[in-house]
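Below you'll find the structure I mean.
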Amino acid sequence: MASRLPPQDDVKTAPDLEDVDLTVEHKTKEKIANDDDEPSTFLKVAKLLLAIFIGLVVLACLTASKVSTISLAECLSDARFNRSHVVQQPTSPAVTIPNNVTVLPVTLPPTSRPIRIFDPCDDESPEPIVNMLLLVLMIPYGLTFLRCFWITGFSVSFPWPSLLALGVGFVASAAEVFALCLMVIEALSTTRSALGILLMNSIYIVQLVFQLFFELYKFVRPKEDRPASWKWLLAFFVSTILAIGSFGVIVYFTADMDQNSGWKVPLAVLLLSLAWAPVMQKLQTRRWDAEEVDEESQKDPNEADDDEDEEDEEKKFQRTRPDKDARWRSGMITSFLKLLLTPAVVTLYVYTFNIGRAEVMWSWTAWSQINMSHPAINSFLVNIFTSFGAYIFCLFACSICIYHVGFAVPLLLSTVFAYLFAFIVPVCEVFIPEEACIADTLSYSWGIPAAVCLFLAQPISVWSFLARSPTNVLEKDSKIFWLPGYNNIFLEQWLILGRKTRYNNKKQFKERTKIVKNACVYICSTMYHESEEEMEQLLLSLRGIANDLQDEAKRHFEAHVFFDGGCKQGQPSRWALQLLSLVDKTMKVSSKENVFSDGKCEKWDTPYGLQLSWRVGTRKMPFNIHLKDNSRVRAKKRWSQVMYMSYILDYLSTYNPLGMTSGAIEDDDIKASSPKKGSLFMAPTGPHRARLNSPYGWTASVDDRQPYIQVDLGETKMVTGVVTQGKPGEDQWVRSYTIQYQGKDVGSISRLGTTSVKWDSYSEGVDGETTVFNGNSDSDTPVKHYLKKPICTRYLKICPTPGDWHNACSMRLEILGYNPEDKLDNTYLLVTDADVKFNPDAANALLDITARDPAVGAVCARTHPIGTGAVAWYQIFDYAIGHWLNKCANNVLGTVLCCPGCFSVYRAKAVKSTLPTYCTHVTKANEFLIKDMGEDRWLCTLMVENGWKLEYSAVSEDSTFCPETFDEFFKQRRRWLPSTVANLVLMIQKWQTMVKNNNNISRLFILYQLLLLFSTLIGPGTCCLLVSGGLNYAYGVSVTVTMVLLVLTSVAYAMICLYTSQNFQLQMAQVLTFVFAIVMAAVTVGTAREVVEGLSGPPPLPTDAPTVDPDTLVLPVPVSTIYFLTIIAIFIVTALLHPTEFFCLIHGIWYLFCLPSGYLLLTIYSICNLNDRSWGTREGKTVGSGKSWSEIWWSFVDAMRRCCNCGPTQEVDEPNVEEIQSEPPTPTQAKPPPSPIVEDPGEEEEGEDKPKRKKGFGAVAFSLGQLGRKGSGKAGPSARRIQKSGWFKPRTGQSLARRATRKQSAWRRSLLDTDKLSTAMWLPAEFKDRYLNSFLQHGYDDTTFIAGMSDGDLEFIGVTKIHRPALLREIDKLSEYQIDIKVPETVEEWLDMIGLEKYNDKFVYEGYDVTSLVNIEEQQIRENLGINKAAHVKRMLIALSKLRHPSELDERIDKVKKVVSKLTTQKMENVSQDHVRYRENRFWAKLRNKCIKQDYGVFSQNVGLKEQLEELRNSWLIILAVSNALWLTLILTLAQQANLQLLGTNPLGLVFLSVFGCIIVIQFLAMLVHRVWSLMHLLARVKYPWQRLEDDVTISAPVTGADGQKKSAEEKAKMMTIDETAEEEVYDNPMAETDDQPVYDDPNTL
């Protein structure tokens, strides 16, 4: 059957090959899991439900407190007047009661009450009830006194009140006691319940009158910070009239009911209202040195002494801290005074008003009647507990930010509910005695309007300010209420009048806004040789900060990455290029964006190396990468920390933003010449829109000839700079402007509100001519100007030059400066490691703690290790236990001792107090352990010593990569363990200084740390006891035999660690860990058997056992069983309280199996290698560093031969691992591969000490040999095979015609055009005659071979020790030699590429092609090819290691290398004095010369450090051995003495279990407290479901480009140029790709 052809129209033409879209060319889109910064909906709904619940609880408690107070008063009235025996009829005349008290008759209709909570007190004597009321009054005073005394104690940091405060406190306390006693004992007992509640609500009368007069005073003496308002004047006038009228009605009817109480009620109300007035409470908090503080705050900062020492500044800081008022001392004094006055006044009233007999009242008979059978006991208990509960829940509500629902609304409604309870008879009779309830509602019809009027007066005047003064996250009690304590009688009134509001404490709320919104946070990261994945994780975290729009505080974030060894002579290292390629990958918005264009990236040559700067994210966050040149500055992490700490403290903090961008400067504080308030254009273009990076902008009116914008900074500031922008999307900006400011005499404000002030124009010249600043040239690029002469002012005015603007006078701005009283005020350092992962919410959670308490110097987060494998499993549980128990206990009991640099927030003030000591050099061995092995721990120790508190926040979480290999883990802990112990010993040695300087450290806390140190010391011995005991229970193995084996094993491993290489030490540690894990499995079974047998009862005693004394105490369960079960229960409960981390408990099984490795082997390894000065991690590793078992075996044999001297061995130098520079890893490698290029030849020699070298090839050849094959520098297994079988036969030689003339490669051409010099030209004249032949003989023909030589290389070629430092300094000036990763087509091309074309004949003769180059080893190069020059062998081995196809990372690095080389490099030292970088260059130059300049170890003070470290190691070994030997001897000896048994165990073991069991219990209880605190913190950070981000977010809003991204016009033009030229020449924009480059989509991106 013929095939059927399709119609001609349906036939599709085949596409050209160039148009074919290959599937293999498509790259898989990387899907990045962005952490959702928004809390889950479940948490939001849970917070809402919790807020409603707490609000109802507070409302119920307040209502019950009022009702119980009325009930107690009515019980006193019943007992006092015995009203139940008086027969009352509706028409009966008034009944006269003894003591000349007349009570109106009340008609009580018969009612049936099946429910009665409070019984009548008609048959009771009044004295016990008076005593109950006395306790109700005194219990709050007693609790307040105890609390104040506990907080202040004998600490000197809490100031005493002034004489004025003491006088006001005495008057207010006396008035309060007399008024409360009069109200409770007399007034409330002679009135009815509803009337008593109205009397309670009359306490605000004095406050209302005061507010009315204060509003009138504003019109008489207006001020800028307190403008007069007709609205508030009218509101206060109406509320005062309502309150006074209602109060008059209440007094009238009270006097009508009781003629003798006409003066008592108004007197009590007025006295109490006066005593509780906010102004009276505020005066009581005035400190004794308040006048001195005020004088210092008003002192002109320009007249301050620049030479003031740090100690005086620290004392001044302590004196002027805002939270250090006299609140606690005053509360302690007044509470004690009230405790003394209350019994006396109550006794006086009892005697005066004939309520009872005073002698009976104080007799035991009256007090003994207060029991559960008393009718008033229920009212008494309800009042005590509900009042205290309402106070606690109110504090809780304020702390977790449910202020309105949980605090303000219940306070408003409690009076209404209480009045309803008292007025509605059926309800009243349930809670209040029947006689007190209102029966004839018509006769009390006046009560309803009086109650309504009082209720209306309360929200208008008092509650309105309460509702408009919400609290912050974890608000402290001292920030919520004026004075500590509460009141059981008028709790609601006390809480409202004692609350600090925006009205009565405006300064605090402004300060709080400044602390929260105007914080300057500098993210500082140190980086060295992290892998691509680790670097990318950090950059994604920084990207999250840059794109975070959910931060309501709008804090200023700025990121700085300090890269150790990041460049060499202006050329970025390969590791730095890897980071820069990831910057392009993670920080750009679209795939076509070029983050390395000159308009977006600034490249500066600085005194320390290179600096690259961007502004990234929707928040335009400054992002800076500092590439350190280790030939210019010191290497290592501690010196990088010194650099960024000093950079922030001494330079960046001078130019902090003052609040325009963040909103700390409120809208009302920004004014302009136009538009005016109320105009049509005020909302869209008003001055409040002139915030930097805002999507809007200020635009002056067209007819405004002299426009200006004026900013009120709120207080006197030191203005140091101005940043301006144009109006986004409108093509409008100002080209030039001037600055005006107000001096000291700012004039006054007249009655009409007009100002009469003098404005000074800013001038930098000598002639006084006004300085004109250049403005903007586009609408989006910020232009920054630093002022040569800082301005000390509060009011600043920016005046655009008339007519000098583009299209319209539009501007956005930020003002830079600092607080002259405290330069580092509200400045923080967010320090991170280079591999950390965090989200913005975690960073803000840490900042919540620092904003809450200015005494907190640092806060750390919960760190989660990331990794796979057994080593990572161990660390997961180790990290969990460390945070769950240890950090929580330190935080609750005293202070956290280490806030690691992994992810912590440091307060700049705290860093400043420690930096002078932190930057000192190492002079002793113990200083090396403290300073260079544990720099973070030492920094925190210095903070604690200087009086700062360190805290731990479990709400903030971060993740970091942990060591995944056994060797790297042991090397890391080898640094951590000695540094931790050394810092702990230092703290205990200085315990007296610590206790004196730090209020958070007590002697008990020092004792707790001493016990922890002791447990660490005897850890190996305790571990041996655990193993031997478990084996004894599991298999019946003798304890003596087991202990002997364990001790011998420990001693043998210690000898291995002392006399063998580290590689062999770690190999033996792995073997022993595996053996111990098996043993611990058996120990676990034995321990479980012991626990089961212990629970089943004590075992039967042997027949020959001694008779036990029947009086001896014997527990039914052994002590060890109780101890183990307690530990297990604590761990399980702790894990349950951390539900998201419960899985960590599973890894505890493996942790248990590895217990001997962690507590025995690791301790021995760490102490025996105490003299090892290498870092241990992030160091170079050979490609394929994993060894086979055969290689491990041969290494073991070689080590045994060396140890036993069984045969001749060649001693060689082991290279200093700190000097090896590694190559960035390929995607298939977990860790970076090494490179034998010496990166930092000038770095201080702090590596592991090398053995003496015998004559032979030396360190260079053997270190290079590591790259030629897997394994060490010695002959490995492959070399042995070659030695046995002889050299392989040469391949068939190819034609010599291949030696035809070749073109020079691009690499060679570029090299010839650079600064390549021959050795003869480069070598200094004084060394040329002596060492030139040595250089040439070893192959160092030119500077490309010389670059990267180390001290060992110079020593090998014969350079003497005295001349090596000078040559190393010259070598450091050479550019780094690099070879591209590629596979050439021929061997000739490869040799030509690496500059060794002279050996082409040998390779051709031997028959090598490109594929055979991969199998070449060092031994073949030397013997088969006859290449023996060290430099040439080194070059060839390096090239062989890079002989592979480039990976995706290699391609990106190559592209970014070209882009960075095209960037314009600006030298910071060449800028003019007017440039913003001029001061920065001066700062870096001064810091470099002061402490971070590289001196190559020549002038260092650590001469002889090696010998000191060895002596210190020997001392530590002796202490460890002796202490564990004594511990084991005592335990084993006492265990054999049956007559010394106590509770089934030996006394020493019992003491050990008791002490450390108590420590575990204390840690567990502290963890419970910390979990409650963490829960409060978590709830406080969660928003309600309806809360969203404000519409006016301060982000850039440029015009929208064609690709959907928002760009400015100029930026769009640049992008179009890049896109158009990308296809023509990749070199112009090698980073530009179409769809291949992964883009990280962020949900917050607008």
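Glycine too: its Cβ is placed from the backbone N, Cα and C atoms.
Annotations in TrEMBL come from automatic prediction, not curation.
Annotations for this protein, taken from TrEMBL, read as follows:
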COMPBIAS  288-302  compositional bias 'Basic and acidic residues'
COMPBIAS  303-313  compositional bias 'Acidic residues'
COMPBIAS  1224-1236  compositional bias 'Pro residues'
COMPBIAS  1622-1639  compositional bias 'Acidic residues'
DOMAIN    653-818  domain 'F5/8 type C'
DOMAIN    1382-1446  domain 'SAM'
REGION    288-322  region 'Disordered'
REGION    1213-1255  region 'Disordered'
REGION    1267-1301  region 'Disordered'
REGION    1622-1646  region 'Disordered'
TRANSMEM  48-67  transmembrane segment
TRANSMEM  129-151  transmembrane segment
TRANSMEM  163-185  transmembrane segment
TRANSMEM  197-220  transmembrane segment
TRANSMEM  336-356  transmembrane segment
TRANSMEM  376-403  transmembrane segment
TRANSMEM  410-432  transmembrane segment
TRANSMEM  1004-1028  transmembrane segment
TRANSMEM  1071-1092  transmembrane segment
TRANSMEM  1112-1137  transmembrane segment
TRANSMEM  1149-1167  transmembrane segment
TRANSMEM  1547-1569  transmembrane segment
Below 8 angstroms Cβ to Cβ, which residues of this chain, lying six or more residues outside the transmembrane segment (336-356), approach it?
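Apart from its flanks, the transmembrane segment (336-356) reaches 76, 80, 99, 125-127, 130, 133-134, 137-138, 141-142, 145, 169-170, 173-174, 176-178, 181-182, 185-186, 189, 362.
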Residues sitting near the transmembrane segment (129-151): Cβ under 8 Å, six or more positions beyond its termini, same chain?
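Contacts of the transmembrane segment (129-151) (Cβ under 8 Å, skipping residues fewer than 6 from its ends): 69, 72-73, 75-76, 79, 121, 158, 180-181, 184-185, 328-329, 331-332, 335-336, 338-339, 342-343, 346, 350, 355-356, 361, 366-367, 370, 376-377, 380, 383-384, 387-388, 484-489.
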Have the transmembrane segment (1149-1167) and the transmembrane segment (48-67) got at least three CB pairs under 8 Å, pairs 6 or more apart in sequence?
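Output no: the transmembrane segment (1149-1167) is apart from the transmembrane segment (48-67).
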Could you put numbers on the helix, strand and coil content of the domain 'SAM' (1382-1446), residue by residue per DSSP?
41 helix, 0 strand, 24 coil
Give the nonlocal contacts of the transmembrane segment (1004-1028) in its own chain as ranges (CB under 8 Å, at least six residues past its ends).
889, 893-895, 897, 981, 984-985, 987-988, 991, 994-995, 1037, 1039, 1042-1043, 1046-1047, 1050, 1076, 1079-1080, 1083, 1155-1156, 1159-1160, 1163-1164, 1519-1520, 1523-1525, 1527-1528, 1531, 1555-1556, 1559, 1562
Same chain only, please: residues at least 6 beyond the ends of the transmembrane segment (1547-1569) with a C-beta under 8 Å from a C-beta of the stretch. Say none if there are none.
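Residues 884-886, 888-889, 891-893, 1008, 1011-1012, 1015, 1119-1120, 1123, 1126-1127, 1130, 1133-1134, 1137, 1530-1531, 1534-1535, 1540 contact the transmembrane segment (1547-1569) from elsewhere in the chain.
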What average pLDDT is reported by the model for the domain 'SAM' (1382-1446)?
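The average pLDDT of the model in the domain 'SAM' (1382-1446) works out to 86.
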